[in-house]
Structure formats: structure tokens, C-alpha cells
Amino acid sequence: MLKLDAFALTAMFQAVSFCTFIVVLSMGHLFSFKKLFRGFGYAGNGLKAAFRSEQNFRLHTFAALLTIALAFFLRVTVYEWLIIIICIAGVMGAELINTAIEKVCDQVSTEKHPGIQYIKDVSAAAVFIIAAGAFIAGVVIFIPRLLKLI
């Protein structure tokens with residue numbers, strides 16, 4: 001099995017980033033940094049709006065920050081960091097998609113409608129499943145280390 005340390009992973013990431021940069025530069029008129037940065041601005045606006053208006057997004061943000069702090073404290077491995085990052089991104093992304101779906105449903109109809117409620121419930125269930133998987137990953141990563149501290 002191929003084993004990669006942090007240096008090898010960093011070197012691979014930098015090589016891929018450099019190749020991507022060269023491809024982007026060669027695209028010329030097909031790529032616009034202005035549009036790219038405008039897109040980052042829209043994403044930032046979405047994050048701010050979700051943080052201000054959505055309690056669950058704030059809760060997930062707080063949980064993510066605690067998880068990151070605990071991972072630093074317990075000195076998790078590079079591979080465990082990758083799992084943690086993927087889990088955090090998955091939960092946060094799912095919560096944002098759920099929020100967007102709920103907002104669209106609210107725009108379609110303000111009245112109670114079984115079809116709309118079904119869509120909202122299934123969307124919330126998706127977030128729950130992803131969050132439960134992230135929680136289980138956290139238990140697998142953190143509990144053995146925490147037990148060693150006792």
C-alpha cells in the first residue's frame with residue numbers, strides 16, 4: 001500500500017495546483033479572474049447570510065471549530081485530518097443546500113402543502129445522515145485518544 005507523509009501530500013498538491021494554474025493561463029479568453037472573484041464574493045455573502053439567519057448552521061460551525069481545536073490538541077494524523085475536513089465540509093455543505101431548498105420551498109408556497117413538507121423533511125434527513133456519519137467518524141478518531149489521556 002502506498003504511504004504518503006505530509007510532505008509528499010503537500011508536494012503533490014503544489015504540483016497539481018501549478019499544472020492547474022498553467023492550464024488556466026493558457027485558456028485566455030475562456031477564463032475570467034473577475035468572474036472568479038465575483039463568485040467568491042457571492043459565496044461569502046451566502047455564508048454570512050446563513051450564519052446570521054440559520055441556527056443549525058451556527059451550531060454546525062461551532063461544532064466544526066471545537067472539532068478542529070480537539071484535533072490539534074490530540075495531534076491527529078494527516079489521514080485523520082483529511083477525514084475530519086471532509087466530514088466538516090460535508091456537513092456544512094449539506095446544511096447550506098438544505099437551507100437553500102427550504103428557502104425555495106418557502107418561495108413556492110407559504111401554505112402548508114404535503115409535497116413541500118416532504119421535500120423539506122427529506123432535505124433535513126440528508127443533513128442528519130451526513131452529520132451522524134461525521135459524528136461516528138469523530139468518535140472513531142477521538143475516543144481512543146481521549147481514553148489514553150484518562
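Glycine residues also receive a Cβ, built from the backbone N, Cα and C atoms like all the rest.
Per TrEMBL, the features are as follows:
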BINDING   TYR42, GLU54, GLU102, GLU111, LYS112, HIS113, LYS120, ASP121  ATP binding site
BINDING   GLU54, GLU102  divalent metal cation binding site
BINDING   GLU95  substrate binding site
TRANSMEM  6-31  transmembrane segment
TRANSMEM  57-75  transmembrane segment
TRANSMEM  81-101  transmembrane segment
TRANSMEM  122-143  transmembrane segment
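Ranking the binding-site residues GLU95, GLU102, ASP121 by how many Cβ atoms sit within 10 Å of each one's Cβ puts GLU95 at the top. The most densely surrounded of the binding-site residues GLU54, GLU111, judged by C-beta neighbours within 10 angstroms, is GLU54. For the pair ASP121 (ATP binding site) and GLU95 (substrate binding site), the C-alpha distance works out to 13 angstrom.
Taking only the Cα positions, the spacing between GLU102 (ATP binding site) and GLU95 (substrate binding site) is 10 angstrom. Each residue contributes its Cα atom, and for the residue listed as 'substrate binding site' and TYR42 (ATP binding site) these two points are 17 Å apart. Sequence-distant contacts of the transmembrane segment (122-143), counting only residues of its own chain at least 6 positions beyond either end whose CB sits under 8 Å from a CB of the stretch, comprise 56, 60, 67, 70-71, 74, 76, 80, 83-84, 87-88, 90-91, 94-95, 97-98, 101-102.
In this structure, LYS112 is the one among the binding-site residues LYS112, HIS113, LYS120 with the smallest number of other Cβ atoms inside 10 Å of its Cβ. Across TYR42, GLU54, GLU102, GLU111, LYS112, HIS113, LYS120, ASP121, which the record gives as binding ATP, the greatest C-alpha separation is 31 Å.
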